[in-house]
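Asks: Sharing the record's features from Swiss-Prot:
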{"type": "COMPBIAS", "residues": "1-36", "note": "compositional bias 'Low complexity'"}
{"type": "COMPBIAS", "residues": "75-90", "note": "compositional bias 'Low complexity'"}
{"type": "COMPBIAS", "residues": "103-113", "note": "compositional bias 'Pro residues'"}
{"type": "MOD_RES", "residues": "PRO6", "note": "4-hydroxyproline"}
{"type": "MOD_RES", "residues": "PRO12", "note": "4-hydroxyproline"}
{"type": "MOD_RES", "residues": "PRO15", "note": "4-hydroxyproline"}
{"type": "MOD_RES", "residues": "PRO30", "note": "4-hydroxyproline"}
{"type": "MOD_RES", "residues": "LYS33", "note": "5-hydroxylysine"}
{"type": "MOD_RES", "residues": "PRO39", "note": "4-hydroxyproline"}
{"type": "MOD_RES", "residues": "PRO54", "note": "4-hydroxyproline"}
{"type": "MOD_RES", "residues": "PRO60", "note": "4-hydroxyproline"}
{"type": "MOD_RES", "residues": "PRO72", "note": "4-hydroxyproline"}
{"type": "MOD_RES", "residues": "PRO84", "note": "4-hydroxyproline"}
{"type": "MOD_RES", "residues": "PRO90", "note": "4-hydroxyproline"}
{"type": "MOD_RES", "residues": "PRO107", "note": "4-hydroxyproline"}
{"type": "REGION", "residues": "1-113", "note": "region 'Disordered'"}
Amino acid sequence: GATGAPGIAGAPGFPGARGPSGPQGPSGAPGPKGVQGPPGPQGPRGLTGPIGPPGPAGAPGDKGEAGPSGPPGPTGARGSAGPPGATGFPGAAGRGETGPAGPAGPPGPAGAR
């Protein structure tokens, strides 16, 4: 005789086994910047620097006091003789003693005849 109608479909099968994990996705965008932390402690003191160059010369000092007087100098050479003095006044008149008698005079002239 003729072929019969198809039978009723069977029930669905069981789910298959879980597939393998997919590849890792790309990294996400960077997050926002965090808040700035507090300042750190002060570092240790640095080494002492080298000695600086000498300063400029000072201003000149005040003038000193005058020294004591020196010893007396040697005696100078003798000067030349001065001019002659003025003529003196006339002396007083002399008071001579009376001189001795003079010699006898010559003979007189002859007498008259």
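Glycine residues also receive a Cβ, built from the backbone N, Cα and C atoms like all the rest.
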Asks: Would you mind splitting the compositional bias 'Low complexity' (75-90) into helix, strand and coil residue counts from DSSP?
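Replies: Per DSSP, the residues of the compositional bias 'Low complexity' (75-90) fall into 0 helix, 0 strand, 16 coil.
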Asks: At the level of the C-alpha atoms, what whole-angstrom distance separates PRO72 (4-hydroxyproline) and PRO6 (4-hydroxyproline)?
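Replies: It is 168 Å, counting Cα to Cα.
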Asks: PRO72 (4-hydroxyproline) has how many other Cβ neighbours within 10 Å of its own Cβ?
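Replies: Excluding its own Cβ, PRO72 (4-hydroxyproline) sees 6 Cβ atoms within 10 Å.
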Asks: To the nearest whole angstrom, state the Cα distance for the pair PRO12 (4-hydroxyproline) and PRO6 (4-hydroxyproline).
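Replies: PRO6 (4-hydroxyproline) has its Cα 17 Å from the Cα of PRO12 (4-hydroxyproline).
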